[in-house]
Amino acid sequence: MAEGDSNGSSKPTVTPYREALDALSSLITKRSRADKSNYGDRFDVLFDYLKILELEEAISEMKIIHVAGTKGKGSTCTFTESILRNCGFRTGLFTSPHLIDVRERFRLDGMDICEEKFLAYFWWCYDRLKEKCTEDIPMPTYFRFLALLAFKIFSAEQVDVVILEVGLGGKFDATNVVQKPIICGVSSLGYDHMEILGNTLAQIAGEKAGIFKDGIPAFTVPQPDEAMNVLEQKASELNVHLQVVEPLDAKLLNGLKLRLEGEHQYLNAGLAIALSFTWLQRTGHHEFTHMEKASSLPEQFIKGLTTASLQGRAQIVTDQYINAESYGDLVFYLDGAHSPESMEMCARWFSLAIKEDSQKTTFNYPPQNNSESTIGLVQEHHDGRYGKSSMQILLFNCMSVRDPQLLLPRLMKACASHGVYFKKALFVPNSSVYYKVGSHALPPTDSQVDLSWQFALQKAWENLIQSNKGGEVKHAVAVCEEGKEDTKMSGKTCENSAVFPSLPFAIKWLRESVHRNRSVQYQVLVTGSLHLVGDVLRLVKK
């Protein structure tokens, strides 16, 4: 349907869902996700919001699992939800960020909340807050509203267990209004959001330990000494029994594999198992807990671990919009890694995944003698089924508060240690914007896009390539040219990299490259930003 305007032209009718997303967008107060003034500002006002929404009693009755951490907290929460759902409980899972649709943040029994329920609960909360808020108690900011909405949804839906992933930090996170969780968890700690949480692991660990509550048990994974000392000190101060869990032994899965790919997921799975067993024990469900110390896992735990799914983490997607004759020739390997440690894990996963894919598709073809090129930039893996070689491409962006000198070398070195070298690195701005919610949230037109950050990333990459080749760093960008013939859509092309003014241009370049090189399968690693991963999924997955 369309309605006319005063000039006689027509415009699309705003749908109820679009209207809700516009209202949600109005709560984004800063255009940078890492803006310091968004964080810890009047934490106490959250309790005023709970009073307005009449959620205080409801939250106190929820049986909550609360998880903080730098890396793996989303995966840990996803494993935990899947385990307890397979044990027969009605589950509510709150995670962040979303990749494509904001409803991904609210999962009921393993499924994103439906649009109808989302709208009902959204307006119930939004209208009450709008009516009651004052100058002293302003409307909550974006993430705070989403956390409040999660509590409303899980209360109204009467779930048996709520699994909450901390958004940022712990101590001042909106999820930390929870006073008496059943159990707390802290996943792997590392350097991220340092502009907000602090520059040392000790400071970061102190923020994460802010979710500890007096007398409530907690679990963590092996941590660097600097971080572990702080976690243990905070636990001691609050009479928290803090236990360290080891990675899951793969043998306990009875020949099956974790659905979430990557070696590091066995660490997250180990934490999820401990959280699940303890939740069951502390809520009086002893029918499963007798196996906690046994040499096997309950069948429900195994099913939960091997079926848990989470978009954008070690996810492999074939381009579904490329023409039929080229189907399978453009494959995206997506992982939202954005810290130095997770970059290394991502690189290891990608390197092993492309080799595994190559082995899967080889049927009695003679082995190929693929030596590295003289400058060590191209690694081609033979794909026997199609008689094709494969080429690795990096598609990258990260927030400007992150240091590419910490991220890119770890990525390149870890890939190289597995014999994987990128033919080209593509740098793009994210398609989604920080101040608008929804798939319609497009950036300014290409001519208005500031690509200075992408050029900085490109320069860092070219410097790395040159230093690895033994060249002088000062000449690293000498090979760059403005808009080469074969990449007219590019902002700047270098020998080993290109900057594109938008993600759609980069995807178009990849598709055209596939059409021009029918004998090559393109394997594209997308990493550096979960938001970039979400933007790519919008463009390549139906």
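The backbone N, Cα and C atoms fix where each Cβ goes, and this holds for glycine too.
TrEMBL has this to say about the protein:
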BINDING   SER96, GLU165, HIS193  Mg(2+) binding site
BINDING   ARG313, ASP335  ATP binding site
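Among the binding-site residues SER96, ARG313, the residue whose Cβ has the fewest other Cβ atoms within 10 Å is SER96. Taking the Cα atom of each, GLU165 (Mg(2+) binding site) and ARG313 (ATP binding site) are about 15 angstrom apart. Taking all protein chains in view, 26 other C-beta atoms sit within 10 angstroms of the C-beta of ASP335 (ATP binding site). Around the Cβ of GLU165 (Mg(2+) binding site), 25 further Cβ atoms fall within 10 Å across all displayed protein chains.
Between the alpha carbons (Cα) of ASP335 (ATP binding site) and SER96 (Mg(2+) binding site) lies a span of roughly 15 Å.
Looking at SER96 (Mg(2+) binding site) and ARG313 (ATP binding site), their Cα atoms lie 13 Å from each other.
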